[in-house]
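Participant: These came from TrEMBL, pasted as-is:
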- A:12-30: transmembrane segment (TRANSMEM)
- A:42-58: transmembrane segment (TRANSMEM)
- A:78-98: transmembrane segment (TRANSMEM)
- A:124-415: domain 'NADH:quinone oxidoreductase/Mrp antiporter transmembrane' (DOMAIN)
- A:128-147: transmembrane segment (TRANSMEM)
- A:159-182: transmembrane segment (TRANSMEM)
- A:188-216: transmembrane segment (TRANSMEM)
- A:271-290: transmembrane segment (TRANSMEM)
- A:297-315: transmembrane segment (TRANSMEM)
- A:321-345: transmembrane segment (TRANSMEM)
- A:366-390: transmembrane segment (TRANSMEM)
- A:402-422: transmembrane segment (TRANSMEM)
- A:443-466: transmembrane segment (TRANSMEM)
């Protein structure tokens, strides 16, 4: 195989998405109707095809396109997670968008473009491909956040996200140029070589700016401020997309940059990670308590969970990366399940999103209440549900790296965070019944059931999942 | 095939459990029962192949469970001769009990639940006996505990059933705690929980010591004692036995399956399975003998005076389990397992027979209200008599081979406590014979007590009052007794589905000993067990027990006859004797009737102080000190913090941008001020 | 010497005009200062010998982007005074943070030494005796093809986004339909009628 054809073969999932997007744009534009028609179905098919190609495709590691891209186990794992997130968000959201009359064909196309950006981002091997991937993803996200442009809150959310995102992109670019200036290269491997031994303060500065940009995408404190507003304002399927796929990509690239480009500066970046991790966990735990809107609650929950995932990264070891990956995978499942439940919150055709609307769900729809309760318990990290294992692995890694204060703070804040998850359960089970929800669509039911059963029964046979993750984690070392 | 044996009951549970209500009662019964019969058939094939045939034992790995450091747990199906024996016992009795329950529970509204629990229990028990590591064994161990809890409390409308279920659960928890500690010890000593590794490492650990509480202890003794503690709980041995009689609150088929044939023998199985460990801990084995012998004697004495038909059999079970432990303690693991095997048949037979009697009497369980039933239900009478013969060790029935072997082995052994074991088991043999025949005579012979008095609550309260403050069991079936029957009682034989299991078990009770005794404990020992039971180099118990004096070997039979004659005299020839005896020795009578006052003792020692302590901590410690300074105070602070944090979220973009910039500046300043470290 | 002089000239004007972009009260002035900043940046590129980038900056940013800005600013009557209300309030805090970061950056960049090791890392050094344009063209479609395509996707996304967020299909508005216009024949459009002379219609 020539280098080009090999490279194309390795990036077949990206190629599928890119070509598919172009085809769908043409199709949608020529068709000229308002509703999305089969575009969503085709987009779902493309995402599914990409997942299959990754699962059945190459198993070895390869650096492609003159060092711009790497195809490795870690990347494939995180890509599959991101693809699952996008796919599920699309499937779950179709009905919602149709009811809100914003089911334009551009929506799935933008989701595909964002996903393509995530794939580029996750497999980035130099600063340029990282930036391009990030921008591709972000631009599409700005638009989908404001997709319901006639809705004031959605427009506001999109605008806020755009302005702050531009600021963070600027910082990231500034950091990248500092790093380029001091290391003389944009290549991750080259940067790693340049930071071996002595690390100049310039590179540290560049790293700080770079981390700022990435932390913004992960919504880690203090770069999280957009999160609650955007989560609340954006249409719910978009929020699900933000909470699932986007988080996967952001965390993946953070791990990759720090592990492959800056192993020499580990002592330095660990301080940043510990800092934002502690702030995120604490803020996620405390600020969520006062919330009355379930989407806003999920936003703070996301902030807290990113903090937990970063605990594993702070360890900087293979166990740590493994912990982060386990965490993200389980978090993906829990988030998708929770949003399936939130999307099902619909009274007499209108979407509701107050936590109090869940009152007495256990009487109106016991199965849904049970599934949602399991997801909440899992998010709170209660054994033997999957969320417990997620936390266990990252804390374990932190302990092994002797980051005892971090682990202790993590456990304490997860105890505080348990309060508001349990409050949701309490409201569902013990409060006076509110008006019953409309029956959820089959897609939502399936997603809710699968995710809840996953978190419920992961403990019975975790070996398959854990082994796959461990293998993928090895590829970074 | 082995996996099929294991999972068929689980499938039954998964069908009848969640979907039972949709399926309806009859399909649930049929599905679970037929699956169980298939499993039983497969088990017999496995038994023929592995134990009787030449096929070697195997360990099939179903999948990894998890691994954490050195700890590796797997899902396995280990099938060797010991497992094969247990498979046969468990699936056969379970299948028969399923069948029997179709008749026995025919008027219960929640039959699917009942059958799903039965199948769940069977699955857990099979997981226990097929385990190849301690953790899976513990999984099964807890699984059967759970199923037992659910089944004892099956009639959850009855407070007494709930109380009994909780009691069984809590008492077992004490034993399980020991078992868990034992597993931890094994893991600490061998860095493994897999049987192969543990057994390989066991001989090397014979004289190691551990340092705990400022003293050196023999590691294997401690380990085995802890493990045995688990067995004591599960097998209702002396001190942890109190839950078993109360467990009779459950439906009678449950008593037959769980509290006679299978679950309670899990402790025996566990000790036999771990024989390589116990062989290295002679002191622990002496303790096993002591507990076993004491239980055998103690339970038999209590059984003498009980009036509830099921309780008598329950104490008998307790006592027989004691026998098994005596056998294990003297090193005769195969004898213990042999007794387990035969006991499963005749005890299940007795329980199911008792169930048949209870059905005939319309859920009357007090034997003093029975009598003269043999004319009315002759088939049940015949079956009960066969069970009684086997239990008392009538020559050439199965009990004769296994029980006498235990007594002989106890005589032949040179271990400390072995003679105590011999003495107790011989006396208990007489007592066993007495209370067994007493049961038969009271139930089937004499004057028909039910004929002249109406059956109803009045009869119960009379019975209760007669036994000065103790006869809660007399009400056992009140809540369940919903197929109203007014007017005079007319005992009738149970339906055919209930009689078939009786007949099958009766065959086992009569001939199992005769057929298998040479394999289990005789010349065929090595070919049969194929090393699945471990005997130390100086353990010749099977050989030695053949060479004991003739009189010592004859003792159990003599005792059996003596017991029979006394019972015959007291309950047939001179029916007034028991009352006179009770009047002559009121203290002793009450002592026995109240089961040596164990429940009252535990109530005083454990239950009340625990409640008192709990109240103290709750009201004083938790409410007044911790809540006010802890959660409530902390919660108030948390709310304060939340309020402040939420106010940061102003909604203005420039505030957000400022927050980002401040964060950035803070991190950069940190590096400038602190320097790059 | 001359180069250094021009460097400082361009840099000083660049910074000053960038500052004025933010501070000037009239938005039209802001855009004009922005254009000035672009020109100076182009000058800096020229000094570095990157003539292609310099021209690109002038053509694209000045010629297209900035002029578009100018149109937008002039067409929309945005009240910038309202935007700047909070400016003075937050000036102390913002100024302090900016000053701190600036100071720290100066500290860092002050110690910048371009060492040989870094120079050796450069991915595509400009080949001698080749024009800027040619050198860029050589690597842009080969070595950087992946990134080039990715950048194309970014632009496509921006385009789609702009359309979806701004394009309103209002009902009741007559739009030009070129196809319909072209398909029209005199027969559809014109009708001839005989009318008698000297009479009203």
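FYI, residue positions are counted from 1 along the chain as it appears here.
Including glycine, each Cβ sits where the backbone N, Cα and C put it.
Quick one: how deep are these features, and who are their neighbours?
Facilitator: If one looks beyond the transmembrane segment (A:12-30) by at least 6 residues along the same chain, the residues whose Cβ comes under 8 Å of a Cβ in the stretch are 36-37, 39, 42-43, 46-47, 49-51, 53-54, 57, 79, 83, 105-106, 108-109, 112-113, 115-116, 119-120, 123.
Within its own chain, the transmembrane segment (A:128-147) has Cβ neighbours under 8 Å at 68-69, 102, 107, 110-111, 113-114, 116-122, 154-155, 157-159, 161-162, 165, 169, 172-173, 176, 186, 213, 217, 230, 233-235, 238, 241-242, 246, 249, 253, 257, counting only residues six or more beyond its boundaries.
Nonlocal intrachain contacts for the transmembrane segment (A:159-182), taken as residues 6+ away from its ends with a CB within less than 8 angstroms of a stretch CB, comprise 127, 130-131, 134-135, 138, 141-142, 145-146, 191, 194, 200, 202-203, 205-214, 216-217, 223, 225-226, 229-230, 233.
Counting residues 6+ beyond its ends, the transmembrane segment (A:271-290) has Cβ neighbours under 8 Å at 207-208, 211, 215, 220-224, 228, 258, 297, 300-308, 310-311, 313-314, 403, 406, 409-410, 413-414, 416-417, 419-420 in the same chain.
Only residues 6 or more beyond the boundaries of the transmembrane segment (A:297-315), in the same chain, are considered here, and those with a CB under 8 A from a CB of the stretch are 218-221, 224, 227-228, 230-232, 239, 243, 247, 251, 254-255, 258, 270, 273-274, 276-285, 287-288, 291, 321-324, 327-328, 331, 335, 338-339, 342, 355, 379, 390-391, 393-395, 397-398, 400-401, 403, 406-407, 410, 413-414, 417, 420-421, 424.
Long-range neighbours of the transmembrane segment (A:321-345) within the same chain, counting only residues 6 or more positions beyond its ends whose Cβ lies under 8 Å from a Cβ of the stretch, are 74, 77-78, 81, 84-85, 88-89, 92-93, 95-96, 236-237, 239-240, 243-244, 247-248, 251-252, 255, 259, 294-295, 298, 302, 305, 308-313, 315, 351-353, 357-358, 368, 371-372, 375-376, 378-379, 386-387, 389-391, 393-397, 437, 440-441, 444, 447-448, 450-452, 454-455, 458, 465-466, 469-470, 472-473, 476-477.
Residues 274, 277-278, 281-282, 284-286, 288-289, 291, 297, 301, 304, 307-308, 311, 314-315, 376-377, 379-382, 391, 394-395 of the same chain lie 6 or more positions beyond the ends of the transmembrane segment (A:402-422) yet place their CB under 8 Å from a CB of it.
Within its own chain, the transmembrane segment (A:443-466) has Cβ neighbours under 8 Å at 88, 91-92, 94-95, 326, 329-330, 333-334, 336-337, 340-341, 343-344, 368, 370-372, 374-375, 378, 383-387, 389, counting only residues six or more beyond its boundaries.
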